[in-house]
Amino acid sequence: MAAHQEKKSEERKRKSTQNDTQTSQAQWGRAWEVDWFSLASILFLLMFAPFIVYYFIMSCDQYQCSLTDPVVDLLMGNKHLSDIWNKTPPLTYRAAGIYTLWVTFQVFLYVFIPDLCHKFLPGYVGGVQEGAVTPAGVVNKYEINGLQAWIITHLLWFANAYYFHWFSPTIIFDNWIPLLWCANILGYVVSTFAMIKGYLFPTNAKDCKFTGNFFYDYMMGIEFNPRIGKWFDFKLFFNGRPGIVAWTLINLSYAAKQQELYGQVTNSMILVNVLQGIYVLDFFWNEAWYLKTIDICHDHFGWYLGWGDCVWLPYTYTLQGLYLVYHPVQLCTANAMGILILGLIGYYIFRMTNHQKDLFRRTNGNCKIWGKKPEYIECSYMSVDGTKFYSKLMTSGFWGWARHFNYTGDLMGSLAYCLACGFEHILPYFYIIYMMILLTHRCLRDEHRCLSKYGKDWKRYTAAVPYRLLPGVF
Ligand code: NDP
């Protein structure tokens with residue numbers, strides 16, 4: 001293991017005298033020019049994303065999840081904006097207390113409880129792990145203990161629900177709008193702090209990105225891997241803990257609310273809880289792999305991740321469960337089975353595609369994909385200091401079918417969650433619409449970055465694997 005890591009770090013440090021790569025390759029991951037479209041999109045999101053989240057949650061609270069009724073009411077003059085606003089629950093001391101306790105508890109689990117899961121769970125990779133090489137050539141270390149945090153949090157949740165009864169399991173649903181204000185406060189505080197920190201005391205100054213455009217820098221972030229102290233990594237913490245640990249708890253709270261209101265939990269609610277639960281557990285089981293995904297490897301930490309993890313993720317990814325509290329859909333067995341199968345196939349494709357890349361990269365291509373040695377394209381790139389690195393792009397397995405087949409699996413799973421809610425309202429389908437936009441945009445963003453990173457090698461790769469998401473279509 002030590003020898004393998006030494007070899008890897010030697011490989012990283014290997015400098016090459018020949019410089020056959022385009023100069024732009026040294027610029028990968030930094031020095032973006034802000035075009036008008038990016039700026040317009042950023043301004044739009046900064047202004048409207050918080051409003052969109054509020055609108056969805058308010059429409060459930062006041063209009064049984066109808067997205068059109070509030071607009072009709074306003075246009076017909078039946079209601080004024082002030083009527084809707086006055087009916088909206090305000091920030092409460094209770095919600096502030098719950099939220100503070102929740103975030104503090106997650107910080108405690110993240111910072112003070114080193115991972116034990118990797119000691120007794122075969123195949124699980126936890127404890128101290130290395131991230132990918134940053135554009136400045138830094139390799140960060142991370143304490144991977146998300147699975148442990150998830151298990152402890154959920155054990156406590158069930159212990160409370162079935163034994164201690166400190167609080168009602170419907171607590172999240174019952175305080176959902178007051179908690180929204182708390183999540184927004186944290187999201188804005190964290191993003192603003194990250195921006196100031198990027199200017200005044202960055203963790204790694206060489207990995208900061210200043211475009212000169214305030215809005216772009218605030219949204220997309222300045223610092224690459226902001227940290228407090230040696231271990232508190234903003235990206236890993238905010239995405240995983242207030243974001244993804246909360247996801248399954250929120251769904252459980254919705255299921256508890258259904259039970260309280262209707263005396264039963266519908267099969268659609270169980271489906272949403274199970275399918276999203278698999279996705280969440282998968283994330284934590286593979287948290288070390290997550291260090292190699294775009295969020296950690298390429299995105300800087302700004303409002304997009306800070307506010308997104310605190311507000312957007314917990315509030316929009318859980319819309320299906322929220323909807324099912326207001327509309328308890330009971331699916332016929334055939335439909336429930338069909339949706340379960342779609343969700344599981346989607347998950348299988350998502351996981352296997354990600355696994356194939358991870359295995360391929362970890363073994364440097366010395367592995368078997370579908371029983372055969374993987375095919376690949378050799379490529380090179382340079383960090384800002386001119387160090388040349390080598391890498392490989394796989395062209396077999398699912399990565400030979402399309403350049404982002406993992407996204408295709410993710411989209412199938414996302415569609416399954418939405419279908420579980422039936423066809424009465426559009427709100428539960430927001431997730432699949434959003435994921436299609438997010439992942440298509442991600443394809444383009446990632447490919448733009450890979451082109452500037454690998455130059456002509458990337459072009460050889462796209463010629464070998466011509467489709468992005470669906471072979472023969474896109
Ligand atoms: P990928 O895991 O697809 O990573 C893309 C990177 O992989 C590229 O930048 C490149 O990085 C490398 N790469 C690309 N092609 C190849 C290849 N052929 N062989 C080897 N390496 C290659 O993307 P993401 O990080 O965006 O996504 C990870 C997962 O997370 C996906 O399954 C996605 O669906 C999911 N996801 C879910 C979201 C959600 O909100 N639910 C949001 C975002 C992602 P390098 O520079 O190392 O070469």
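Cβ atoms here come from the backbone N, Cα and C positions, even for glycine.
As written in TrEMBL, here are the features:
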type	residues	note
REGION	1-22	region 'Disordered'
COMPBIAS	1-13	compositional bias 'Basic and acidic residues'
TRANSMEM	36-57	transmembrane segment
TRANSMEM	91-113	transmembrane segment
TRANSMEM	147-164	transmembrane segment
TRANSMEM	176-196	transmembrane segment
TRANSMEM	301-319	transmembrane segment
TRANSMEM	331-350	transmembrane segment
TRANSMEM	414-439	transmembrane segment
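Sequence-distant residue pairs (6 or more apart) of the transmembrane segment (147-164) and the transmembrane segment (176-196) include fewer than 3 whose Cβ atoms are under 8 Å, leaving the two stretches without contact. Within the chain carrying the transmembrane segment (91-113), a Cβ under 8 angstroms from the stretch's Cβ atoms is held by residues 143, 145, 148-149, 152-153, 171, 175, 178-179, 181-183, 186, 231-232, 237, 241-242, 245-246, all 6 or more beyond its ends.
Stretch with the largest number of CB pairs closer than 8 A to the transmembrane segment (36-57), among 301-319, 331-350, 414-439: 301-319. Same-chain neighbours of the transmembrane segment (331-350): 266-268, 271, 274-275, 278-279, 282, 398, 405-406, 408-417, 419-420, 422, counting only residues six or more beyond its ends whose CB sits under 8 Å from a CB of the stretch.
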